[in-house]
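Everything below concerns the one structure shown next.
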Amino acid sequence: MSTERLPLIASLQTRWQLGKKQTEFLVAVVAILPLALFVLYPLWTILRESVLRPDGRWSLDYYARYMQDSHFRETLFNTLNVSIWATLATTAIAFGYAYALRRTKVPGKMLWHSVMLLPLFAPSLIQALGVQFILGRNGIVNRYLGTDIDIYGFWGILLANVLYGLPHAYLVLSVSLGAADARLYEAAKLLGAGGFKRFLSVTLPTARYGVLSAIFLGFAINISEFGNPMVLGGDYNVLATEIYNQVAGQANFHLGAVIGVLLLFPVLLSVAAEKWIGRRQATISSQATPYRPVRNWRIDGPMLLFLGTVALAIVAVVGVVVVASFTKLWPYNLGFTLKHYALDVPGGYGALWVSLKMSLATAVIGMVVATFAAMVVHKLSSRLRQVLYLLSVVPAAVPGMVLGLGYVLAFNNPSLPVYWLYGTVALLSLCTVYHYHAQAFLIATTGLKQVDSRLQEASHTLGGGALHTARHVTLPLIRPAMASIGMFYFMHSMVTISALIFLVSPEVTPAAVSILLLNDAGNWPQAAAFATIIMFTIAAVVLGIKALAHGAALLHKRQNHS
Amino acid sequence: MTTTDNAGLLSLSGISKSFNGYTAVRDASLTINAGELVCFLGPSGCGKTTLLRLISGLETPDSGHITLGGQDITHAPPQFRNFGMVFQSYSLFPHLTVGKNVAYGLRCRKWGRVDTRSRVQEMLELVQLAEHIDKLPHQLSGGQQQRVAIARALAGRPHVLLLDEPFSALDAKVRAQLRGDMRDLQSRLGITTILVTHDQEEAMTVADRIVVMKDGRIEQIGSGPEVYHHPRTAFVAGFVGDINVLRVQRAASGALMLAGLPLTIHGPVDNDCVRVGIRPEAVTLAVGNETENCFPATVVKSQFMGKQTRLEIVLADQFLSLEVYGRVNIEIPPGDQLAVFLPPHEIRQMNEH
């Protein structure tokens, strides 16, 4: 064979070996730096703000002052109180729902499943608005039943939080209950265990990690929830609203930072616990026989009733917002009108435009950032890999309020080279990108794991270097995962409030935040109209992109056949 | 066993590789000549695929050196080696057409547009798939996909072609066909080729030389007939076909004894020889005129297999199988006494290593 090109190998090899270590290091730094700047630095700023006295000395004075104040102690107690109860209620209802769908033979499983996931596609404030329209001071219940229910406070937050958290807990429990081994049940039956005994001795133990996971996940969501207590809290203060009051109301950044840190730690612990438990989740052995429920109306009947009740609540809360947005004066005059869609408030449709701009930017930036981080972690062999991985998943444990506050403290600083970002839509996008970085990163990682590593090896043996292989093999093959990331970011960016509430200005206010401001101003009908518009915008964009993708696939097929 | 022959194109010396404490390849040395087709043969887990990956550059050895045409390429990354590689799972890029798959390596190596196009055409004609140039891999059968993979690997005029169990995912008929085509192509192009396989028949059929591996070690290197007729270890003998292994005793004179009778073998007897081997087809039924190596035995099992009959017999207390070819008119029922002849030149001394 021709060996005339052999000398090349040796010279390339030395150059390559010299370059390889440096290149790996450089790539890792390029991936780590933005995470350090947009996640670690804001968190560090909060921590510093909470212990830095005006005279420049470090102390725990602010924490001491906070703890001595009975009002703050009450806030802390309220937060834990409502979060724990909401978490337990969410987990119990979600368990029942998942159990009914996974372990009984109720009819209409697809429908029940879809309804449960509906809230994920709606602005997070929709539950609060819906509860208000049904049970609030001017709610339909008080109006037509003549009752005098006061929902504002503990019960309002509890109800809205439960409705908001249900799909998240349901997804975890559904996976956990789906992995059932019929052989265990048969063994228990042969040993003489009755139905209830089997539930206690087989079902619960095999699902215990799922239940614990759901509890920790639910707690992390509930304790950092901002929109629901803002709308329905009344005088019942919780940490998330207290941060907002201290910072936005009284410009007390030190106390805001202290509360931020107080909020950060339980969430950090919950998320860490959830991940730890998730890893121990019993995997079902490959010899397992899948559990097949049998028809038993004594169980299926009550279960159907239960599913119907929960599903009705979910649909009613979302539906009432849509209906209210089209009525003249909810609940007094139920005549049809489109006037609330005029959005004649400051901002108006401009806010929707801001939201769309921001969400598209978030989708694109997020897609690039998360995919890049996942690819680098996938390829890297050095210790920097662990650093990058940890930084990539840490945002899952940072409540939006805390991240947002960190952004204000960190980037509202003219001496910073990236100060120009402050007050721009770009910073809102970046904040959202890093707020949801962990989830997007995991989608990308899963996508990468599905690409057969032999394809990359084939590319290397054919002469493709790392960059060439990434561009021509890996990236085209993970395009579906990247599309999922883009979609994920778009949807969350359209509805998120908590991280952005500190970063908005009159010129730059996304639609989801406008809902909150409109509601605060007592302009409920327009808040409802805006929430409805957001829901339909998301649906339209998601369906539009799906249709485009489908069309592109068809075109591609036709070209290849011609 | 190592030849430090400078005529060798590719040379491995003292290559070792372990993964998390598990040694996959230990101290492998071997020289492959230009234009030769060498098979790495062994059971799964013997290290043959790891050795191939070390040669390709996809893995780096812990110790030892690999040279190509006298140059050390031990640490060169795969993209600089220009070795064509074909995987068991085809590994065609699913998002690229057949033509673009074949052109991939040429693009990486900065071939011009015109050269690339004509080379792709040429390669696809070589594997008789020219009319499928615009299809996507999933529209082809497994055998066609593997032919595209071979075309892709050969397009860039590689120094060495590496084939990692390329036919084992195909059904038997396609496998035999493709194996033959590949061998023709290889000798026509004269390309140095390494084929990894666990199928001894495949290795026998196509290889110039066979490298038999076990537990990460090279057990024997030799041509097919060499390995078959002169296995150096009991493992090699058993892996490249069936063999009867018989314990032998030593007489005071040093002569070998089997079942109390003297056993003659061809050539000098090793001092530590306690076992000999003989292939079933080499054992014959005694016809009466033999002067040595005739042993009485009892039939345990007789199995008619068409063109041959396979007999299981007991010789003293040791089991032995033999194959009787041709038309056997007489029934040989279990329990029959008979005499077998072990031809001296067919008996091999078996060492553990």
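Backbone N, Cα and C atoms are what each Cβ position is placed from, and that goes for glycine too.
Since this is a predicted model, take the numbers as computed values, not measurements.
Away from its own ends, the transmembrane segment (A:25-44) comes close to residues 264, 369, 372-373, 376-377, 380, 382, 384-385, 387-388, 391-392, 394-395, 398, 402-403, 405-407, 409-411, 418, 430-431, 433-434, 437 of its chain (Cβ-Cβ under 8 Å, at least six residues beyond either end). Under the heading transmembrane segment, TrEMBL lists A:25-44 (among others).
TrEMBL lists A:76-274 (among others) with the feature domain 'ABC transmembrane type-1'.
Annotation comment: TrEMBL describes A:82-100 (among others) as transmembrane segment.
The feature transmembrane segment is assigned by TrEMBL to A:112-135 (among others).
Among the features that TrEMBL reports, transmembrane segment is placed at A:155-178 (among others).
Residues annotated as transmembrane segment in TrEMBL: A:199-221 (among others). Long-range contacts of the transmembrane segment (A:199-221) within the same chain, counting only residues at least 6 positions beyond its ends with a Cβ under 8 Å from a Cβ of the stretch, are 83-84, 86-88, 90-91, 94-95, 99, 103, 161, 164-165, 168-169, 172-173, 175-177, 179-181, 184-185, 188, 193, 266-267, 270-271, 273-274, 277-278, 280-282, 397.
Positions annotated as transmembrane segment by TrEMBL: A:253-273 (among others).
What TrEMBL records for A:304-330 (among others) is transmembrane segment.
Summarising the annotation, TrEMBL assigns transmembrane segment to A:350-375 (among others).
Residues or ranges marked as domain 'ABC transmembrane type-1' by TrEMBL: A:352-547 (among others).
Marked as transmembrane segment by TrEMBL: A:387-410 (among others). When Cβ-Cβ distances below 8 Å are used as the criterion, the transmembrane segment (A:387-410) is approached by residues 28, 31-32, 35-36, 39-43, 45-46, 49, 220, 223-224, 226, 240, 243-244, 247, 253, 256-257, 260, 263-264, 267-268, 270-272, 275, 370, 373-374, 376-377, 380, 416, 427, 431, 434-439, 441-442, 496-503 of the same chain, each at least six residues removed from its ends.
Summarising the annotation, TrEMBL assigns transmembrane segment to A:416-436 (among others).
Below 8 angstroms of C-beta separation, residues 121-123, 125-126, 129, 132-133, 138, 318, 321-322, 324-325, 327, 329-330, 340-341, 343, 345, 351-352, 355-356, 483, 487, 490-491, 494-495, 511-512, 514-516, 518 of the same chain, each at least six residues beyond the ends of the transmembrane segment (A:524-549), sit close to that stretch. Under the heading transmembrane segment, TrEMBL lists A:524-549 (among others).
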Residue numbers, six or more beyond the limits of the transmembrane segment (A:304-330), whose CB comes under 8 Å of its CB atoms: 93, 96-97, 100-101, 106-107, 111-112, 115-116, 118-119, 122, 126-127, 129-131, 133-134, 138, 140, 163, 166, 336-341, 524-525, 528-529, 531-532, 535
Intrachain neighbours beyond the transmembrane segment (A:416-436), with Cβ under 8 angstroms and 6 or more residues off its ends: 35, 37-39, 354, 357-358, 361-362, 365-366, 369-370, 395, 398, 400, 403-404, 407, 410, 488-489, 492-493, 496, 499-500, 503-505, 508, 510
Closest-packing stretch to the transmembrane segment (A:82-100), where packing means Cβ pairs under 8 Å, from A:112-135, A:155-178, A:253-273, A:350-375: A:155-178
